[in-house]
Amino acid sequence: MNPQSLLASASINIGLALVVLSLFSVFKKQPSNAPVYYARRLAKRHHIPFDPPLTLRRFLPSVSWIPRAFRVTEDEIVQSSGLDALIIIRLFKFGIKFFLPCTLIGLVILLPVNYNGQDGPPVDYLSMDSLAISNIRKGSDRLWVHFTCLWLMSFYGLYLLYKEYKEILGKRIHQLQIIRHRPDQFTVLVRGIPLCTGHKARGCSVDHFFSKHHPYSYHSYQMMFNGSYLEDLLDQAKSTARKIEDLRKRSSVEKHNREFLLLCTNGEDSAKITLLEEKLQELSHRIHQLQCEDMLQDKELPVAFVIFKSRWGAALAAQSQQHSHPLLWTTEVAPEPRDVSWKNLAIPNRVLPLYKIGVILAATLLTIFFAVPVTAVQGIARFEKLKKWFPPAMAVQLIPGLSSIVTGYLPSVILNGFIYVIPFAMLGMAKLAGYVSKSKEELKACDMVFYFLVGNVFFLSLVSGSLLDEIGESVTHPKNFPSHLARAVSAQGDFFITYILTDGLSGFSLEILQPGLLLWDLIKSLTYRRGKEKKPYLYSLPYFRVIPVVSLAMLIGMVYALVAPLLLPFLICYFCLGYVVYINQIADVYEVTYETCGKYWPYIHHYILVAIILMQVTMIGLFGLKSKPAASICTVPLLLFSLLFNGYCKLRFYPTFRNYSIQVFMQLRCYYFTCYPRHPYVLNMNFLDVCVSFTNWLYPVVCSLFRHWRLPMFTWSFSPILFVCYSLTGNAFRFWMFVKVGTWTENEGQYFTNE
C-alpha cells in the first residue's frame, strides 16, 4: 500500500467521522429521537431537557457531550451502571495509559532509528517501509534500541496489568459488600437431582438431602418445571390483551369524533372487545389449570434453586462437591433472576458436553469459511500484485484517485463489515451451549470472538498478504521465504493502520449515531405505529462485541509498536474516541440487564497478556531474521517472565473472581452489624451473644469456687453433672433465643435483603 492510499483512507474516515458526529449532536437534540438516544433515561422516567422548538441552537452541531464524558467519575459509573460497565471504560483507559508512553517512544526514538536504518536516508523515502523495522539492515546494532524498548514496553504493560487487576479486585470485593438486595447471594443452583423413590418426586429429595447435610444453613427450595407448553398460551394471552388495549384506545377516539360530528355510534368495536375478553378469560383459565400442582408434578425438572439462611452457607454449598457421584447433586452459584437463561435449565446435565462440542465444531467451521473474505480483502489491498493475477482489475486505474480509495479504504470497510456479524453469530452459538445464565453466554462469546479475530483478522491477514506479495519469489527461492515473510509482516502495518482508522473513527461514530435504530424508528412512525406513543429502544451493553474488538486493536498495537511505530498515534485516537462514545452510551442508551461484579476483567487480562506475549515472540523472530541472534536469546527470559507473571496472576487474583470468599461474606455480616446497630435482628443477636458468653463464663467460675473452698472430693466431683445441667440449660436458652430471633442461624438475608 502506498502513502496515497493511506492518506485516502485517513481522509475518508476522518471526514465520515466528523459528519456522523455532527449529525449525532443534532439528532440528539430532537425530542422525537429520545427513544433512541435517551432510551435508558426514559425507561427510568428521568426528565430530559430540550431546547425550545424554534431555536437555532437546536439545529447546530455541538461538542458539549465530549467534555461531559470526561467529567464522569468511576464511582458514578459503578453507582448507576455497575462494575461491568466500568470494566469497558477501564479497558479504554488501559489502552490510553499504555499507548501514550509507547507513542512518545515510537515517534521520538524508533521512527528516526528506522528511517536511518540503512546508515543514511532510504532510497524510497515515500514508502511506508522506510519508517518500519524492515528498513534496518541485517546485523545492525540499531536493533538493540528496539530490544531495549521491547523490555521497557513489556515491563510497563505487565505493571499496568498487575495494578489494574488489583484495583478491579478491590472494587469487586467492595461491590459485593454494598449490594444487599441480591437474592442470588443466598441461593444455589442444584442440578442432577435424583428421583425420590418413596414419593415419586424430586422436591422431597431436595428437602431431605439438604436438611440432612446442611441442617443449620438450609432454608427452602424451589423446583423448576418445564414450561415450554405454556409459552404458546402466554404468547396468545399477551397478543389478545394487546389487541383489546388497541381497540379500546381506537374506540375512545372514534367515539369522541362521532360525538363532535353528531354521528351515530357503531358497536362493532364493542363486539370485538367482548369476544377478545372472552378469549382472554378462557386462555387464563387454561393457564391456571396447567399450573396446578398435579399438572406441574409431571413436568418437574431435575433442577432446583436452594435457598440458604446465610451467604457463607450458600457459598460453602455452591463451591463444594455434594455427592460422591460427580453428576449427581451438582451445585453452582445461582445467577441473578434477571440473568437466568431459563430455557437452558431444561437441558440435562449429562448431555451438556455434547452441546459444547457441537458449538466448538460450528465455530471452527465458521472460522474456516471466513478465510475466504479475508483473503479477498488482502487481494484488494495488494492491488499491484493482484493486477498480475487478475488483469481486468487494471480498469480501476482509468479513474484518477479511484485506485487509492479501492486499496486504502475499501479493504478495511469490507473486513469491518464481515467482523460486525461475527459477534452475534458467536453469541447465538454460545446460547446453544447450555449455559444457565446470560452472563456466562456472553463470557463464552467473548472468548470465541477474540480467538476468531486473532486467527482470521490478524494471522490470516499476515499470511494471505505475504502469500500474495511474495508468492513468486517464494516458489523460486524457498530458502529465502523466512526473510520475505518477515518483511511482509512489517509491510502489513499500513493495512492495519487503515483497519484501526475504519474500526475506530467510522465504527465508533456509527455506534453512537445508531443509524439502524433511527431508520427503524422512522419506518415504525410512518407505518403501523403512527400516532402511537413511542417506547424506548432498550438493549443490553454488548460486552461480547466491544471487548473482543477492542482487545484485537490492542493486540495489533502491541505487536506493531516496535515493528511500525507510525500505527501508535492512530491507536491513541482510537481509544480516546471509544472512551467518549461508550461513556455516553452507558449513561444514556444501554440498559443494565445483569451484574457479574467484574468477572469480565480476567478475560481482558488474558487477552492483553496474549498480546504482550505475541509482541515478544514476533520480536524474537525478527531479531533472528535480522541476523541478531544475541537479541533473540536475550528476549527469551522476558518471554519466560511474562508466562510466570501470568501464572502468578492466576493464583493471586483469579480464584476470587471465580468463587465467593467466605471471609468477604463474614465481613459483610460485620458490615451490617456496624451499619444497622439498632435493627431488631442485630439487637437480638447481640443479646444472644452476650447471654451465651455469660453461660460459657459461668461454668469455670463455679468449678474454681469449688476448688477454692476445698470442698470434699465427692462434692466437686459432681462437676460433670453440673456441666451436663449447664449444657441442657444453655441449649434450652439458645433454643428460646433462636425462636425469639426467628431463625436457627444468622439468616441475615431474611432481614436485610428488603432494607
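Glycine is no exception: its Cβ is also placed from the backbone N, Cα and C atoms.
Annotations in TrEMBL come from automatic prediction, not curation.
Small disclaimer: the values here were computed from a predicted structure and weren't measured.
Here TrEMBL flags 230-293 as coiled coil. Look at TrEMBL and you will find 6-164 tagged as domain 'CSC1/OSCA1-like N-terminal transmembrane'. The domain 'CSC1/OSCA1-like cytosolic' feature in TrEMBL is assigned to 185-344. According to TrEMBL, the feature domain 'CSC1/OSCA1-like 7TM region' maps to 356-623. Positions annotated as transmembrane segment by TrEMBL: 6-27, 98-115, 143-162, 357-381, 401-427, 448-468, 496-520, 541-560, 566-583, 604-624, 630-649, 687-707 (among others).
Averaged over the coiled coil (230-293), the predicted model has a pLDDT of 71. Across 98-115, 143-162, 541-560, 566-583, stretch 566-583 shows the highest tally of CB pairs under 8 A with the transmembrane segment (496-520).
Only sequence-distant pairs (6 or more apart) were considered; of these, fewer than three Cβ pairs between the transmembrane segment (541-560) and the transmembrane segment (630-649) are under 8 A, so the stretches are not in contact.
Same-chain neighbours of the transmembrane segment (566-583): 17, 65-66, 69-70, 72, 77, 88-89, 92-93, 95-96, 99-100, 102-103, 106-107, 111, 128, 131-132, 493, 496-497, 500-501, 503-505, 508-509, 511-512, 546, 550, 553-554, 556-557, 560, counting only residues six or more beyond its ends whose CB sits under 8 Å from a CB of the stretch.
Of the candidate ranges 98-115, 143-162, 630-649, 630-649 has the most C-beta pairs within less than 8 angstroms of the transmembrane segment (604-624). When Cβ-Cβ distances below 8 Å are used as the criterion, the transmembrane segment (143-162) is approached by residues 94, 97-98, 101-102, 105, 109-110, 113, 133, 136, 558, 561-562, 605, 608-609, 612, 615-616, 619, 623, 626, 628, 631, 634-635, 638, 642, 645, 649 of the same chain, each at least six residues removed from its ends.
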